[in-house]
Amino acid sequence: MYKFLILLQVLFWISETKRIQKSFRIRQLSDWEYLTKFGAEVGDVTYHIKFRIIGLESEEMRERKFPILFELYLDEEWPQALEIQECERASQARRKETIQVPGNGEYSQVYTGNIKAKLRAHMWYYAISDCHRRLRDEFKEDQYKKIKFEVDIHIKNVGKTEFSVEQFGIQYFMIVVVLVDIIMLAYNGYYIVQRHEKYEEFSLALFLLVITLFLETISYGVNLLHLWVYSYNGEGVFVLHVVSVIVQVASQFSLTMILVMLSWGWQINFNKFDNFEIFLPLSLLIAFFQLTIVGVGFIDYDAYYKDHSYEGWVGWLASFIFIGEFIYFINGLSNTYKKSNGAVQQFILMLGIYGGFYFISFPVLQTVNLIVARYLRHKVMEIGTITLRTAAILLLTHLFTSKKSIFAKISYDNKSFLDRNKDE
């Protein structure tokens, strides 16, 4: 295991660059186009940018060069730049450079720049401008409507890593979480097998938790693989990222269903749903909500206004869904509490605290990010949600497997189990 950790550490820091490639049809270019953003750590950061024009057949046009204005903005002036007209934004740019792009399909000469932060990390925003139409006016005729303009940007952060500053440290944190998940997965699996062999009983609640753990481990493991590839090419494998997100949706759905079902008395007052025709639509609705929460994170991915996947209205939509699930969860707890007494009521209060942290964590983190520096927002959201989700699973593991816990005393499944304990 320690060799695996050392290998991952080496791979994460053997890096090339962050690589961004974008393609535009020249006739569809706007006066001003946003390219990408990058969080620069304190120290020296280097970027390389080049352009090319693809599709020209005329020998005369292929021998010419066409100008494009490259602009670089610091996060301190970025909000002001967005408030003014596109063709006036260059006045807010920290760096401007007119680059001549050949028409022969080859890349232009690489323009290399250096950024140096002295006091704190900063977000830098990359853009191009054709406000004087010096590029587009050369391609007005219909024969040029399919001509493409391509941009290639390579960025090296401090220490020659391609990771933007908001990504620093997250991969190591995820390694720790994956190891914790594996330990919990092995422990719960052993507990299920031991109980089945000893009493020939099967705990559905714990089995669902094991499924949740398994899905979470797969999700984070695949994402680590994506980061490993990213450390080589600065791009990663988008398919791996998508698979990680899909499995994460399934994990969140499973955890949400466990909490909601417990809140309505499952495994406390009953172990089977009599009204399955009500339970099935509810399950589908929660699944839809979980898909929506994760899906909206892909909207305008890498947009200039997004410091993390849930920046802006998509984050508040996801927060609204979490709050709705939290209200339904509290309603179930209230209903079960009124029908119970003693130890059951005490358990309901504990479940409300455990589950409440999970449901409201996202809205709280979304609100906290309003006052957090832009380069820290991604880290706050990523580490915060992972930590609280893992904590919720840890607490549920304790509830399901500890004989001294309140759940062990009141659980529908554990009633006969407790009777056996008296004889031991």
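Cβ coordinates are placed from backbone N, Cα and C, and glycine is handled just like the others.
If you look up TrEMBL, you'll see 178-396 marked as domain 'GPR180/TMEM145 transmembrane'.
The signal peptide annotation in TrEMBL covers 1-17.
Residues or ranges marked as transmembrane segment in TrEMBL: 170-190 (among others). Long-range neighbours of the transmembrane segment (170-190) within the same chain, counting only residues 6 or more positions beyond its ends whose Cβ lies under 8 Å from a Cβ of the stretch, are 5, 8-9, 12, 206, 209-210, 213-214, 216-217, 220-221, 223-224, 227, 379, 382-383, 386, 390, 393-394, 397, 400-401.
What TrEMBL lists as transmembrane segment is 202-222 (among others).
Residues or ranges marked as transmembrane segment in TrEMBL: 242-266 (among others).
Taken from TrEMBL, the feature transmembrane segment applies to 278-301 (among others).
If you look up TrEMBL, you'll see 313-330 (among others) marked as transmembrane segment.
Residues 255, 259, 262-263, 268, 322-323, 325-326, 329-330, 333, 336, 388-389, 391-392, 395-396, 399, 406-407, 409-410 of the same chain lie 6 or more positions beyond the ends of the transmembrane segment (342-360) yet place their CB under 8 Å from a CB of it. Sequence annotations record features per position, and here TrEMBL assigns transmembrane segment to 342-360 (among others).
What TrEMBL records for 380-400 (among others) is transmembrane segment. Outside the transmembrane segment (380-400), and at least 6 residues removed from its termini, the chain residues within Cβ reach (under 8 Å) are 170, 173-174, 177, 180-181, 184, 187-188, 203, 205-206, 209, 212-213, 216, 220, 252, 255, 258-259, 308-310, 350-351, 354-355, 357-358, 361-362, 365-366, 368-369, 372, 406-407.
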